[in-house]
Each structure stands twice: as C-alpha cells, then as structure tokens.
C-alpha cells in the first residue's frame, strides 16, 4: 500500500519523522507531500523543506518526497496512493483533522484518511513551537532532525 502524508512541514519535526517511519512499517510506502501554499508565509522555502525531508528520511526504505499545490485529494489521485495519513497529538488536532478528512471524503469518496496517534514523547512538538524555541536560542536537538536543526541555527543565529 501507498500512503500520502501531506503537510507544510515548516519545519519537519521528529514527530513528523516518527509518523513517516511508522507509516512505512504499516503501509510499505509513504509519499511525503510538501505543501506549497502561497497564502501562507513560510519560514523555509518549498525547496528547503523538500531537501530537509529528503535528507532526514534517507534511511527510510519506501519514502518518496514530492511538492504539491492544491487539493490533497488531487495530489493523492495523481500519485496513485491508497490512503491519506495524518497524525494526531491531541483532541484539538482530532477535531481539525476530522473536518479535513470529511471534506476530502466528500471530494473523493475512494480515499480513506488514517489517523495515527503521535508517540507520547513527541506529542508536545509543533513546527511553530520549534521555531519559537530556536528563535530564542533554546536547544532544539531533541525536537527536529539534525539537518533541520542546522538550518534553524543558521537562520536564527
């Protein structure tokens, strides 16, 4: 099976990476789809985020990284995946993700969304929180892959 894991990944956290690894173990293949959203201001460019994920997942058999703009279900169809993978850290994530899953299902009834609970030791992580810690000089080495930590240190130091 092939799973699509879409997101902005600005930046990729160890929580994201854990979900990618677990997705590979469960489904065999994970297509990490990096969202280009012109309406959002990103810390890292689309190419930087693509490169960070490519480097951070080099050890994962069955992972491919792509960039996309537009609807997730269009990306899923175009890349011939079987399901959409999403992570849940808390109940607040569930409410938001459930709305998106229902919307995707209304647009493309043939795609299921599978939710995986984030590992407890990563449940506090968010990309925005990581950037905040990095911006003020805090240690982020236990929050993000090494390639991302290096890029954040360069950006904020």
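For all residues, glycine too, the Cβ spot is worked out from N, Cα and C.
Residues or ranges marked as ATP binding site in Swiss-Prot: 8, 9, 16, 87, 88, 89, 97, 122, 123, 124, 125, 126, 127, 128. Per Swiss-Prot, the feature substrate binding site maps to 8, 40, 72, 86. Annotation comment: Swiss-Prot describes 16 as site 'Transition state stabilizer'.
A map of Swiss-Prot features onto the structure.
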residue : record                 : contacts (Cβ under 8 Å, 6+ apart)
8       : ATP binding site       : 34, 35, 37, 40, 42, 49, 127
16      : ATP binding site       : 7, 9, 87
72      : substrate binding site : 4, 6, 33, 84, 100, 104
86      : substrate binding site : 5, 97, 100, 101, 113, 114, 115, 116
88      : ATP binding site       : 94, 97, 115, 116, 117, 118
123     : ATP binding site       : 15, 89, 90
125     : ATP binding site       : 13, 14, 15, 89, 118, 143
Max CA-CA distance, Å, over listed ATP-binding residues 8, 9, 16, 87, 88, 89, 97, 122, 123, 124, 125, 126, 127, 128: 18
Neighbouring C-beta atoms (10 Å sphere around the C-beta of residue 40 (substrate binding site)): 9
Residue with minimal Cβ packing [other Cβ atoms within 10 Å] among the binding-site residues 97, 127: 97
